[in-house]
């Protein structure tokens, strides 16, 4: 503890993740639900990664980016869900200071990367529908790899900024994080000093990595809709709307909860409401992405048949 009463969490060695302790009667139910969705996430996303690697028909930009998204979702959920399951299962709800730093860094990094990657995926669909004759030039494999690397680098760079700013803030007295994982708004609530600079930085970068990507995605799909409406083929219309509709659903399931959490000051959030919103985009959305992208996809169904030897 400092002379002025402020606590450096590293000297204490741990944080207490309050999580859903206020509803002990719900913890078993939440544990079962979270475990089911986590297993769905692991199975569904591993399935997409393996299938995209094994089937040559899926060696296209769309499935390259989808494999990146699947790997991203695997990492994103694994950065917080195992800790949540441990806390829900038993009375021990602590996380080490180093563990909290690592978790905060990866949750932020992977979440930001997903925002950028979804923009890249929308651009790929725009190029495929609106610029079909130039698609192979626009989405050259080398350029696709560059876009994927840029997505990951931007996410991890942004996270380094926020993580360092957050853990420089001195804490006051207690170490109870009113959340189920280490997150910037929840950690800023522990501070006894003015955190307006941190909150402003969070809102600015959230606008850059949430609002701007969302605008770019909606612009891409707006152009796609206009191009599709000019098509004469009913089959083409159904195929394009089916693919783009699935992408937009995945975008909505990720961006809407993220905006509710990060585009307002930590003091403006209902803490309990924030937990359930975060539970949705860290548990539910990653498990639904494989279903959304592949459920009605004839190319994926064909790849499965070839892999199983049914064709």
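Quick reminder: no glycine exception, Cβ is built from N, Cα and C everywhere.
Worth saying up front: this structure is predicted, and the values here are computed from it rather than measured.
What Swiss-Prot says about this protein:
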type	residues	note
TOPO_DOM	1-28	topological domain 'Extracellular'
CARBOHYD	8	N-linked glycosylation site
TRANSMEM	29-52	transmembrane segment
TOPO_DOM	53-60	topological domain 'Cytoplasmic'
TRANSMEM	61-82	transmembrane segment
TOPO_DOM	83-103	topological domain 'Extracellular'
DISULFID	100-192	disulfide bond
TRANSMEM	104-123	transmembrane segment
TOPO_DOM	124-142	topological domain 'Cytoplasmic'
TRANSMEM	143-161	transmembrane segment
TOPO_DOM	162-198	topological domain 'Extracellular'
TRANSMEM	199-222	transmembrane segment
TOPO_DOM	223-239	topological domain 'Cytoplasmic'
TRANSMEM	240-262	transmembrane segment
TOPO_DOM	263-275	topological domain 'Extracellular'
TRANSMEM	276-295	transmembrane segment
TOPO_DOM	296-311	topological domain 'Cytoplasmic'
Range from 61-82, 104-123, 143-161, 276-295 with most C-beta pairs under 8 A to the transmembrane segment (199-222): 104-123
Model confidence over the topological domain 'Extracellular' (263-275), averaged pLDDT: 68
Contact call for the transmembrane segment (276-295) and the transmembrane segment (143-161): at least 3 Cβ pairs under 8 Å, seq gap 6+: no
Tally of DSSP helical, extended and coil residues in the topological domain 'Extracellular' (162-198): 15 helix, 5 strand, 17 coil
Count of other CB atoms lying within 10 Å of the CB belonging to residue 100 (disulfide bond): 25
Leading contact stretch, 29-52, 143-161, 240-262 vs the transmembrane segment (61-82) - CB distance under 8 Å: 29-52
Proximity verdict for the transmembrane segment (143-161) and the transmembrane segment (240-262), three or more C-beta pairs under 8 Å: no
Cβ neighbour count (within 10 Å, all chains shown) around residue 192 (disulfide bond): 14
For the topological domain 'Cytoplasmic' (296-311), distant same-chain residues with Cβ under 8 A (at least six beyond the ends): 51, 54-55, 57-58, 242-243, 246
Secondary structure content of the topological domain 'Cytoplasmic' (124-142), with strand meaning DSSP E or B: 16 helix, 0 strand, 3 coil
For the topological domain 'Cytoplasmic' (53-60), sequence-distant contacts whose Cβ falls under 8 Å of one of its Cβ atoms, 6 or more beyond its ends: 67, 299-300, 302-303, 306-307
